[in-house]
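Over in TrEMBL, the protein carries these features:
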type	residues	note
BINDING	Gly105, Ala106, Phe138, Asp223, Glu224, Val225, Gln226, Thr281	pyridoxal 5'-phosphate binding site
BINDING	Arg141, Thr280	N(2)-acetyl-L-ornithine binding site
MOD_RES	Lys252	N6-(pyridoxal phosphate)lysine
Amino acid sequence: MKKIDIKTTDQEKIVGTYARYDMVADHGKGAVCVDEEGKEYIDFTAGIGVNSLGFCDDGWVRAVTKQLKKLQHVSNLFYTEPQTRVAEILTARTGLCKVFFSNSGAEANEVAIKAARKYSNNKYGNDINWITTLENSFHGRTMAAITATGQENYHKDFYPFLGNFSYCKPDDIDDLHKSINDKTCAIMLEVVQGEGGVVNLNKEFLQEVESLCRQKDMLLIVDEVQTGIGRTGTLFAYEQYGIKPDIVTFAKGIGGGLPIGGALFGEKVCDVLGPGSHGTTYGGNPVACAGALEVLDRMDDAFLKGVAEKGEYMKKKLNAIPAVVSISGLGLMLGVEIKGKEAKTAVAEALKKGLMSLTAKDKIRLLPPLTITYEEIDKGLKILEDVLK
Ligand SMILES: *Cc1c(COP(=O)(O)O)cnc(C)c1O
């Protein structure tokens, strides 16, 4: 292959939807990424919460390559063992009943929206189809998922959207009551709003949402695409709020780096979608599922407790940095409000010094791999501290 200038060619040949950071990633191991010039970076991004076991974890590579040599794809017209096993584990660990597998978070939310509308259509007739989501939420980039996303900047160039969505201010119980009507079939939310700036919702609000859903037979859909699969110190974040969703969507962290997502359905909804009502060619692909099996297998109670402890440790150290104003989030999903410079600038400067990190709104967002060591955490935080001086 002839040598190419990756940055220039990328900018010429790839649609410019991403404002990429100034780094060409070449390879990685654990929480360390190496660029094309051989420079090392501590990774506080995990590929936006995807590489839960870090880069190229040995067990994960073994599991994935083993499946890759056996059967890479066969379509959902046939049964496969890895997909069945992932479903078995997810349902056993959540008490929910059935899974639909997709390839991404947006697609996971699509099926959740379709299932919610079909549930109510079946039961009450075709006009019970309104869905309430929250302002400042993020549910993905497909047309239904951006309709659900309660942020005008994602909407502005793409009208018209799906009808019959309404938006509620997070943590505002009065507004919650105003945002539903007698045609509402579901309420959909993230328990910690990720892209919205790592905003934790409060427990009373979530419990009010749940109780309203029960009273009015609306479905509670929790989007755990970012918060799920161990990220917050429990398998799913909703577990920490004492609520029981009817539908839980997941994606990012489950495949350990391979594209897979899905929706878990509780008792009420698990038989709503029958043959022909929904589908996808790749969803629950056996190689991605082999990766997911390794991720889930590693995520036992001790591992999850470790995630919570590392999160507390990071919070404590971050709090000691004078430029840090506040810290939000749960487990290893942290939002850091800073003063003195913009988060965007701090993240770019940190990258130059060897730390990969993210922003969410005007905060620095940290989503390290769940397997990160304390030594790596210290190294990364030292860089952040230098940048924030
Ligand atoms: C990332 C994200 C999505 C979208 O996932 P994609 O895989 O990018 O489609 C949806 N919901 C939440 C909460 C997310 O963080």
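Backbone N, Cα and C define each Cβ position, glycine as well.
Keep in mind that this is a model prediction, so the values were computed, not measured.
Features as recorded by TrEMBL, highlighted on the structure.
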residue	record	CB count, 10 Å
Gly105	pyridoxal 5'-phosphate binding site	27
Ala106	pyridoxal 5'-phosphate binding site	22
Phe138	pyridoxal 5'-phosphate binding site	26
Arg141	N(2)-acetyl-L-ornithine binding site	14
Asp223	pyridoxal 5'-phosphate binding site	32
Glu224	pyridoxal 5'-phosphate binding site	30
Val225	pyridoxal 5'-phosphate binding site	29
Gln226	pyridoxal 5'-phosphate binding site	28
Thr280	N(2)-acetyl-L-ornithine binding site	18
Thr281	pyridoxal 5'-phosphate binding site	10
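Taken in sequence order, the binding-site residues Asp223, Glu224, Val225, Thr280, Thr281 that lie near ligand 1, meaning a CB under 6 Å from one of its atoms, are Asp223, Val225.
Here the Cβ of the residue listed as 'N6-(pyridoxal phosphate)lysine' has 28 other Cβ atoms within 10 Å, regardless of which shown protein chain they belong to.
Here pyridoxal 5'-phosphate is bound by Gly105, Ala106, Phe138, Asp223, Glu224, Val225, Gln226, Thr281 per the record. The longest Cα to Cα distance in that group is 25 Å. Annotation note: Ala106 (pyridoxal 5'-phosphate binding site) sits in a helical segment as assigned by DSSP. Rounded to a whole number, the distance between the Cα atoms of Thr280 (N(2)-acetyl-L-ornithine binding site) and Gln226 (pyridoxal 5'-phosphate binding site) is 22 Å. Cα proximity to Glu224 (pyridoxal 5'-phosphate binding site) (within 10 Å) is found for the following recorded positions from Arg141, Lys252, Thr280: Lys252. A coil conformation is recorded for Gln226 (pyridoxal 5'-phosphate binding site) in the three-state DSSP classification, outside any helix or strand.
Proximity note: of the listed binding-site residues (Phe138, Arg141, Asp223, Thr280, Thr281), none has a CA within 10 Å of the CA of Lys252 (N6-(pyridoxal phosphate)lysine). Across the fold, the C-alpha of Ala106 (pyridoxal 5'-phosphate binding site) and the C-alpha of Thr280 (N(2)-acetyl-L-ornithine binding site) stand 13 Å from each other.
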